[in-house]
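Colleague: This is the structure I have questions about; it appears just below.
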Amino acid sequence: MSALKKSDKKAALDFAAWSFNVTTSVGLIMVNKALMATYGFSFATTLTGLHFVTTTLMTIVFRWLGLSQPSHLPLADLVKFVIFSNLSIVGMNVSLMWNSVGFYQIAKLCMIPASCLLEVVFDHVHYSRDTKLSIMVVLIGVAVCTVTDVSVNARGLIAAVIAVWSTALQQYYVHFLQRKYSLNSFNLLGHTAPAQAGSLLLVGPFADYLLTGKRVDHFSFSSLALFFLALSCFIAIGVNLSQFICIGRFSAVSFQVLGHMKTVLVLSLGFLFFGKEGLNLQVVLGMVLAVLGMIWYGNASAKPGGKERRSVLPLRSASLKGSSEEKGGAEK
C-alpha cells in the first residue's frame with residue numbers, strides 16, 4: 001500500500017513538473033512572438049541573456065530565503081556546460097537564419113536520436129522495441145505538422161549539426177551533473193545561470209547583429225515593448241527552472257519526446273490567436289499522430305524493460321562515499 005502511495009506521489013509530482021514546463025514554455029513562446037513580430041525586438045540571443053539575468057536574481061533570492069543550500073560545481077564542468085548551452089542557443093538562431101523552416105524543424109527532430117545515442121553510449125541505456133517505435137511515431141507526427149519546404153546548404157547544415165549536438169549535450173549534462181554532484185534544480189541553476197547571463201550578454205549583441213543587421217543599443221523601446229520584455233524575462237525564470245526539474249526527474253530523451261507536446265500546443269494556440277492560415281488536414285493529422293506517439297512512449301517506457309538505465313555513475317559515487325566514510329572512521 002505504501003509503495004502504491006509512493007508511486008502515486010511520484011506520478012503526481014512528475015505531472016506537476018511537466019505541466020509547469022509546458023505552461024511556462026508555451027507562454028514564453030507566445031510572449032516572445034508578440035515581442036518580436038509585433039514590436040520588432042528581434043535580438044533573440046541578447047533576450048536569452050536577459051532571461052538568465054532574471055533567473056540569476058531568482059537563485060539569489062532563493063538562497064537568501066534559505067530555499068537553496070550551498071553546493072559545489074567544479075569550474076571545468078561549469079565551463080563545459082556553458083559552452084554547450086551557448087552553442088545551442090546561438091546555433092539554433094543561426095540554423096533558423098541560414099536554413100529553410102522545414103530543414104530547421106528536421107534538425108530539431110534530430111535531437112531525440114542524438115539524445116538517445118548519448119544515453120546509450122554514456123549511461124548504457126537499453127530501449128525496448130515499443131519505446132523505439134513510439135519515438136518514431138512522435139517524430140513522424142511532428143514532421144508532418146511542421147516540415148514544409150526543405151532546402152539544404154553547406155553552412156546551414158554545419159549550423160544545424162552544431163545546434164543539434166550542443167543541445168543534446170547540454171540537456172544530457174543537466175541530468176549528469178545533478179546525479180554526479182547531488183545537485184537539485186535550484187543549486188544547478190545557481191551555478192550556471194550567472195555564467196550564462198554574463199557570457200550571453202557579451203556575445204549576444206554581436207551574434208544578433210550578425211543575424212539581423214541591427215544593433216540592440218539602437219532599438220527604440222515603447223512602453224508596451226518594455227512590458228512584453230519584462231514579462232518574457234519573468235516567464236523565462238519558470239522555463240529555466242522547470243527544464244532543470246524535468247530533466248532531473250526524467251531524462252534528456254523523455255524531455256525531448258514530451259517536449260513536442262509544446263510544439264503541438266504552440267501550433268494550436270497560434271491558429272487560435274493569430275489566425276487559421278496554414279491549418280489543414282495534414283497539420284491536424286500530424287498533431288494527432290504526435291500526441292498518440294507521446295502517449296505510447298509514456299506507456300512503453302514505463303513498462304519493465306521499456307527503458308533500462310545501467311549507468312555506473314551511482315556506483316562510483318557510492319564507492320567514493322564509502323571510501324570517505326572509511327577514511328573518516330580511520331581518522332577517529
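Each Cβ is built from the backbone N, Cα and C atoms, and glycine gets one as well.
Annotations in TrEMBL come from automatic prediction, not curation.
Copying in the features that TrEMBL gives for the protein in this structure:
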- 14-297: domain 'Sugar phosphate transporter' (DOMAIN)
- 12-31: transmembrane segment (TRANSMEM)
- 43-66: transmembrane segment (TRANSMEM)
- 78-96: transmembrane segment (TRANSMEM)
- 133-150: transmembrane segment (TRANSMEM)
- 156-174: transmembrane segment (TRANSMEM)
- 186-207: transmembrane segment (TRANSMEM)
- 219-241: transmembrane segment (TRANSMEM)
- 253-275: transmembrane segment (TRANSMEM)
- 281-300: transmembrane segment (TRANSMEM)
Colleague: Counting only pairs 6 or more apart in sequence, are there at least 3 Cβ pairs under 8 Å between the transmembrane segment (78-96) and the transmembrane segment (186-207)?
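Modeller: Answer yes: the transmembrane segment (78-96) meets the transmembrane segment (186-207) with 3 or more Cβ pairs below 8 Å.
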Colleague: Taking residues 6+ outside the transmembrane segment (219-241), which of them lie with a CB under 8 Å of any CB in it?
Modeller: 20-21, 23-25, 27-28, 31-32, 34-35, 39-41, 43, 47, 50-55, 58, 185-186, 189, 193
Colleague: Looking only at the recorded stretches 12-31, 156-174, 186-207, which one has the largest tally of CB-CB distances under 8 Å to the transmembrane segment (43-66)?
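Modeller: Stretch with maximum Cβ contacts: 186-207.
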Colleague: Over the span of the domain 'Sugar phosphate transporter' (14-297), how high is the average pLDDT in this prediction?
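Modeller: Across the domain 'Sugar phosphate transporter' (14-297), the average pLDDT comes out at 85.
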